[in-house]
Amino acid sequence: MGKFVEKLEKAIKGYTFDDVLLIPQATEVEPKDVDVSTRITPNVKLNIPILSAAMDTVTEWEMAVAMAREGGLGVIHRNMGIEEQVEQVKRVKRAERLIVEDVITIAPDETVDFALFLMEKHGIDGLPVVEDEKVVGIITKKDIAAREGKLVKELMTKEVITVPESIEVEEALKIMIENRIDRLPVVDERGKLVGLITMSDLVARKKYKNAVRDENGELLVAAAVSPFDIKRAIELDKAGVDVIVVDTAHAHNLKAIKSMKEMRQKVDADFIVGNIANPKAVDDLTFADAVKVGIGPGSICTTRIVAGVGVPQITAVAMVADRAQEYGLYVIADGGIRYSGDIVKAIAAGADAVMLGNLLAGTKEAPGKEVIINGRKYKQYRGMGSLGAMMKGGAERYYQGGYMKTRKFVPEGVEGVVPYRGTVSEVLYQLVGGLKAGMGYVGARNIRELKEKGEFVIITHAGIKESHPHDIIITNEAPNYPLEKF
């Protein structure tokens with residue numbers, strides 16, 4: 001028998017989410033009692049096992065803030081300049097600080113037009129007015145309304161209440177409520193401005209009790225980099241990013257690995273590398289804290305069709321997880337998740353968390369443009385291997401940067417739209433609810449037990465059809481089971 005026939009006979013069988021179900025077990029566990037927190041690196045623990053994808057129609061700072069507030073993690077995409085990505089990370093970090101230290105200020109002799117420019121640029125509604133390092137006023141968008149051309153000192157509020165650095169949350173909140181103010185400048189013993197407390201930050205800290213924060217009380221955030229862009233990684237690290245995610249279509253590229261090892265030595269942030277689908281890759285990526293699994297499972301990815309390469313996602317996750325366990329690495333399943341049940345399956349197959357693109361691309365916080373088609377709202381969504389994303393700068397992810405002409409790109413993704421799905425909070429509520437339900441059926445009190453107790457059954461095509469609603473015309477669409485198929 002020839003070696004090529006032997007290749008086929010030795011080929012393993014690959015399974016994806018629709019090919020398997022989890023077998024229900026005897027249990028005393030109820031969904032409301034399960035713990036869905038997970039660790040994705042030695043220093044980063046999430047309260048829900050979900051990350052948003054590093055895609056230019058999925059994650060920018062608004063998505064990252066929303067994800068962290070719900071207990072997950074946003075990975076800001078790299079299809080932008082270094083300075084812009086650094087600023088996006090800083091925006092997330094500023095979103096809920098008790099005391100904002102790097103305060104944007106303005107001088108009293110500046111124009112209100114410049115004040116408005118600063119507010120728009122930094123996504124804020126007001127500015128302390130500072131002269132000789134002392135606070136002399138506060139100016140807000142409300143003060144400026146329709147008063148272009150005037151000076152800040154003409155419109156600012158001059159009677160400013162300040163507080164010391166030792167202020168506690170409850171005391172700051174009480175002062176702001178009693179005085180009906182939205183901002184409290186923080187000063188040192190010499191009266192020098194050292195920070196700012198805002199009402200929106202205090203309210204957010206109380207509202208989002210499941211949020212994930214660092215030791216300074218700031219929201220967690222991750223950012224993507226090319227395996228060769230060491231300068232970007234260093235700048236993001238300086239900006240306080242919690243996790244660097246090396247974002248490439250094929251992380252088992254030996255040139256990329258050499259560069260990633262050098263990068264790892266130059267940053268303090270935790271380090272995730274992806275994507276891979278072969279357990280052998282783990283042996284060469286042990287310098288990472290976690291690996292990201294998925295070659296071509298995404299709804300907008302054409303790698304498997306264009307390149308003929310990939311491993312069905314459940315099998316890929318299981319193979320990589322077995323090897324990663326030997327080195328103490330964490331595993332993130334990236335791509336192919338369509339329903340909450342797929343999250344349950346991915347974790348039972350060995351993942352510590354999942355990364356979502358499609359399911360979050362239709363949310364309010366996603367940066368994709370809204371479009372109306374036949375009276376229904378959609379949001380644009382594209383793969384980072386699509387022609388549009390490559391032209392914007394994402395070609396390097398597929399090792400097509402630099403030497404390729406635009407007209408000669410070989411795309412590995414498509415561009416399209418997905419239905420508008422509401423807010424990130426609403427979508428995650430349904431997804432986490434489904435995860436908890438699955439854990440209840442399996443008898444898993446936490447993510448670790450789901451990995452240990454989850455037992456799979458392989459199903460046929462008829463079994464897949466039986467699993468979905470059938471023999472009925474659905475008249476009321478469920479929030480976790482969309483009727484619109486693409």
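Even glycines carry a Cβ here, placed using N, Cα and C.
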According to Swiss-Prot, Asp334, Gly335, Gly336, Gly357, Asn358, Tyr381, Arg382, Gly383, Met384, Gly385, Glu412 bind IMP; which one of Ser299, Ser467 is annotated to that same site?
Ser299
In which DSSP state, out of helix, strand and coil, do we find Cys301 (active site, thioimidate intermediate)?
strand
Find the shortest Cα-Cα separation between Gly294 (NAD(+) binding site) and the binding-site residues Gly385, Glu466, His468, and name the residue that gives it.
Gly385
Ile295 (NAD(+) binding site) as reference: those binding-site residues from Tyr381, Glu466, Ser467, His468 with C-alpha within 10 Å of it:
none
How many helix, strand and coil residues does the domain 'CBS 1' (99-154) contain under DSSP?
18 helix, 17 strand, 21 coil
Tell me, which binding-site residues from Asp247, Glu466, His468 are within 10 Å of Gly385 (IMP binding site) if we use the C-alpha atoms?
none
Nearest of the recorded positions to Gly335 (IMP binding site) by CA-CA distance, picking from Gly296, Gly298, Cys301?
Gly298
